[in-house]
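What follows is a single structure, written as structure tokens, with notes after it.
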């Protein structure tokens, strides 16, 4: 049985302790949910969190186990829509209304068209500077005996393509399929994934549904099954993979620094990962163009241009953001650049 739960905006006014207790329970339950409350604009309390980059550089230089939580803002730099704001709709439907088990049960053709569109986009894109910077940061710190884990809400595989080794994908993998009959999971990068979906999935608001017969949609290739396939992603209202969630919990328990990068912090349980770390007294830094519903929990929030490192050439778009985390001569720079509402990380390590 599946549950699709929306958070009431009144939850914003609960005290912090109550919110943390409630959301710890959400993390333990592992249901993927979307909050209806989105915070924008300047912080109410300008003294919290800090935007002192020099102070943050010191914290970063001492950290031994760093958890980086990434969202759609990172993949947006590769040209993938975030399905937030102006990209919220596919045709006339909200993406989160299509990404549910109920929607797939009612109209598997429409949902497959939506995910076929997303698959074709992902197959045509390459990792962004953000992906490469995170991967290079992990590699450099590993040589120093330090660790970096990427906990991503993204369902593409761009972090791994960029070279990241330690990646936990909490919402599944768009390039995998799962049989609804036998449960078999397989990697499938065919384009198109089936003949009936060729040329389908256009996102235009006036495009009619293809209404593909169920027997023509992607099917299990096991000879004794031939059941209907679905994307191996976590739909809203479904439970996250308990094995992945257990690994995430362990990483959050041992990290001594957490970066929350390019996420709106409205999808649960991921939205509570940062606050969960912060509740242990561990520094958490948020990098996003706007504040989020969870900004107030964090030690740092960066959304302005702080520093241009000498010798590093970057093209900065309107309303862009550049931050530099200079550590030492052996580590160099980790540069974070956020254009518009997305986020881009670029590295010039080893300066």
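The backbone N, Cα and C atoms fix where each Cβ goes, and this holds for glycine too.
Sequence annotations record features per position, and here TrEMBL assigns active site, proton acceptor to 171. Within 10 Å of the Cβ of residue 171 (active site, proton acceptor) there are 21 other Cβ atoms, across all protein chains.
Listed in sequence order, 174, 231, 233 are the same-chain residues at least 6 apart in sequence whose CB falls under 8 Å from the CB of residue 115 (substrate binding site). What TrEMBL lists as substrate binding site is 115, 118.
Positions annotated as Zn(2+) binding site by TrEMBL: 179, 182, 220, 225.
Feature annotation from TrEMBL assigns NAD(+) binding site to 262, 263, 264, 288, 289, 290, 306.
If you look up TrEMBL, you'll see 46-313 marked as domain 'Deacetylase sirtuin-type'.
Ranked by Cβ neighbours within 10 A across all protein chains shown, the binding-site residues 263, 264, 288, 290 are led by 263. Across the domain 'Deacetylase sirtuin-type' (46-313), the model assigns an average pLDDT of 91. The Cβ of residue 118 (substrate binding site) has 23 neighbouring Cβ atoms from other residues within 10 Å, across all protein chains displayed. Fewest Cβ neighbours within 10 Å among the binding-site residues 220, 225, 289: this applies to 225.
Taking each of the binding-site residues 179, 182 in turn and counting other Cβ atoms within 10 Å of its Cβ gives the largest count for 179.
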